[in-house]
Amino acid sequence: MHDTRRQRRFWGHPLAGAGLLMVAMLVFAGCQSSGTEAQSTTRAADPQARQLVRQAQVSTDAGNTAEALAMLAEAIERDPDLTEAHVAVGQIQLDAGNVAAARTSYVRAVQTDPRDYDAQYGLALVNQILGRVSEAVQGYQRALSIDPESFDARRDLASAFLQAGRPDLSLRHAVTATEMEPESRAAWINLGAAYTMLGQHERAVRSYQQAAELGELDPPLLQSWAQAHLNLREYDRAANLLQQLVQDQPSAFAHERYGYALFKQRKRQEAVVQFQAALQLDREMPQALNGIGVCLMAEYLETGRRNPALRDRAIAAWRRSLTVEPRQPKIVDLMTRFGRIAS
């Protein structure tokens, strides 16, 4: 379950579904600091500065972040090395979406006390959001060296390894995160992404299903879960998920994937409709153009080549796709073979 051994002053939520989803899920969750965690060093902090930090937390909880930042600025002026004040500023800035400013505060917090969990975790989180993935990995590892029982750092280290393209290194942490917090959707999504990237698609499907049972079927989960089914050639199940996805959050990618699933179900006319819908959102999407070409050419061949217009439309779609992305040897081969039929 969640780490109850220490109350966290500040924590973030994961880059859920990292590697496939890469969606920052930032939730402000400030807590009153427990006495055992406020400072990891024995340095005597300025009492008035620490009181200002406590008052700033009250103002933050009440939604008055401007007042809180003013109090924290005064606290830092009184005690420039007060780690918790820098962490608090970082949290407020991160919650406001000012990621670069948050990073500046977290860097200062780590400088004042490298053994402060909140400083290390916060800096790792903003580094990951900013795409500084190797620094994020190192930061989460340092946070875990301070608190090996931290679910947040374990979960986000798994997602950072995914973002770095290292599912092999992510897997152990992703599994551990689901064991620590079996009801965390983000942990299960990370695990599903790791399995997907490792080619273990059946395990990926089970992980995404577990995530689905813990909450709503949001678009990122639907997309990843459907792709796992496609990887297993379970086209009926994939199509059901993708149908919901294009209804909930239409995108060129969602329509193209739905079209592919329908094509595999031999529902070519419906597939063409989805590929065309994808092109309405992205006029230069090679996958959708290729899908239209394949559907039309298959229809042309299966009807005894009696309708040359189908063939010509297929070749036109492939030709347009190649103008967008010339490096498609399979499409070039199709153009070569079926172009001769047209001549």
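Here the Cβ of each residue, glycine as well, is placed from N, Cα and C on the backbone.
Taken verbatim from TrEMBL:
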type   : residues : note
REPEAT : 83-116   : repeat 'TPR'
REPEAT : 117-150  : repeat 'TPR'
REPEAT : 185-218  : repeat 'TPR'
REPEAT : 252-285  : repeat 'TPR'
Cβ-Cβ under 8 Å with the repeat 'TPR' (252-285): same-chain residues at least 6 beyond its ends: 219, 223, 226-227, 230, 233, 235-236, 238-239, 242-243, 245-246, 291-292, 294-296, 298-299, 324
Counts by DSSP class (helix H/G/I, strand E/B, coil) across the repeat 'TPR' (117-150): 27 helix, 0 strand, 7 coil
Summary of DSSP states over the repeat 'TPR' (185-218), given as helix, strand and coil counts: 26 helix, 0 strand, 8 coil
Secondary structure tally of the repeat 'TPR' (252-285) (DSSP, helix then strand then coil): 27 helix, 0 strand, 7 coil
